[in-house]
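Record features (TrEMBL):
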- Asp71, Leu72, Thr73, Arg98, Gln114, Asp118, Arg267, Tyr271, Tyr272: L-histidine binding site (BINDING)
- 1-357: domain 'Aminoacyl-transfer RNA synthetases class-II family profile' (DOMAIN)
Amino acid sequence: QGTRDHAPAQAALRERLLSAVVSCFKRHGAAAIDTPVLELRETLMGKYGEETKLIYELQDQGGELLALRYDLTVPFARYLAMNKVTNMKRYHVAKVYRRDNPATTRGRYREFYQCDFDIAGQFDPMIPDAECLKIVHEILSDLQLGDFVIKVNDRRILNGVFAVCGVPESKFIPACSTVDKLDKVPWEEVRSEMVGEKGLSPEAADRIGEYVQLHGGLDLIERLLQDPKLSQNKLAKEGLGDMKLLFEYLTLFGITGKISFDLSLARGLDYYTGVIFEAVLLQQENEHVEEAVSVGSVAGGGRYDGLVGMFDPKGRKVPCVGVSIGIERIFSILEQRLEASGEKLRTTETQVLVTTPHKHMLAARLKLISELWDAGIKAEMLYKKDPKLLKQLQYCEDTGIPLAAIVGEQELADGVVKLRDVATREEVRM
C-alpha cells in the first residue's frame, strides 16, 4: 500500500521529531496555517513538471474533479491569492499524497508528512532566502543526524547555462529535469537522456556537462562572473550576483562551512524561479574512505515568485521563498538508529502511577488520581479493582513511569501519600 501504521514507540519518536522542527519554525516567528487535503484538480495540474503524473485524482458524486494535495506549497500559493495576502511568514505540518512506487526502507511513501516554512512578501534580495537556509542548518544540527551539506543553485544560472550552451528555450524545463538526476546517476547517463530523449544536440550536452559538474563556494561564483560566455547572459549574471549576496549573508550567519554552490542541483519542480537548495546527509562508509557518501536528500526548497500570480485573477504576484523538511527520511534514519542502539523509547509522558498495596482501595485510587489530573499532573492507574502492588510497580518499570504514588490503609489514616522513585526505590511520605 505504501502507507504505514505506527506503533506507540514510533509515534512517540515522530512526535518528538515534529516538535523539534516546529519549535525551530516558531523561533523564527512563523504562524501556523492549514489548508484542505482536497484541492480542485486544476489547482494542482501543470505546477509540478514531470511529477504531475504522481498526483492522486478524484471525482466526487457531482462530477467535480478534485485531487489530493501533492505538497504544501501550491495550496499555500492558492491560499495567498484567494485571501489577497501579500505578506506572511508561515509554517505548515501536514500529510501529502503521491501516487508513487513506495520504497519504505528509504522513507518514501504514498502518504507522508511534510513540514514547510515559507516567507511571502516583497523584500530586499536574499535576506529571506538566507534565513530559510539558516533554518535547515539549525534543524539538521539540532537533530544530530551526522554530517550534512546544503547544496544551493539558482534556476536563473541554470537557464543561463542552457542558453549559452545552445539549448532552445522550449527545452529548458525538460533539460532541467534531466540535470536533476545527476545526484542519482552518472553524467554519461544524463548526457544520453538529454540527447536521446530530450532532443538536445551532443555538442550542447557536452557544453552543459562542463558547467553542471562544478561545485564550490564564493570562489566559484567569482570565477563564473568572469566567464566570457555566462557573464554575457542577463539571467545568469543576475543569478550569480544574488548568489554572491546570499553567500555574504550565510557567512554572517556562520554556516558557509555546510553550504556548497552546486551547478548540478536543478530540483525537478516547474514553479521555482530563483534560488534552489537541497540538504543531503553524508555518511562515512569507513575510516579509510576520504570522500563522504550521500544518503539522500532530507530537506529542499527555493524561491517561487510566479506561483501566487497563477491563482490571482489579475495575475498579481507575491514573491515567496520556502523550505520543506523531509520528515519521513529523517524519521526512518532515527528509527533505524534507535533499533540499533536497543534503547527503549517512552511511549507516554505519564509522570506518576497511582497504586494501592491492599484490597478494597479502588475508591482511594480514584479520588487521588482525580486530584492529580485536576492539578495538571500526568497520571495513570491500572484498571483493576485489586491489583497486586508488585504488578503495579512492574508496570512502571515496563513503561518507564518514574514515580509511584502509594496509598494504603496506614497512609489514609495518616493523611499522607507515599511517593516511590521507581528506579532508586527511595520512598518519601508527603
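Cβ coordinates are placed from backbone N, Cα and C, and glycine is handled just like the others.
All TrEMBL annotations are machine predictions without curation.
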CB contacts for Gln114 (L-histidine binding site) [other CB atoms within 10 A, all chains]: 19
Site extent for L-histidine, whole Å (max Cα pair distance, Asp71, Leu72, Thr73, Arg98, Gln114, Asp118, Arg267, Tyr271, Tyr272): 21
Site with most surrounding Cβ atoms, counting all protein chains shown within 10 Å, from the binding-site residues Asp71, Thr73: Thr73
Spatial neighbours of Tyr272 (L-histidine binding site) that are distant in sequence (at least 6 apart) but have CB under 8 A: Arg155, Gly302, Arg303, Tyr304
Surrounding CB atoms that lie within 10 Å of the CB of Arg267 (L-histidine binding site), all protein chains: 23
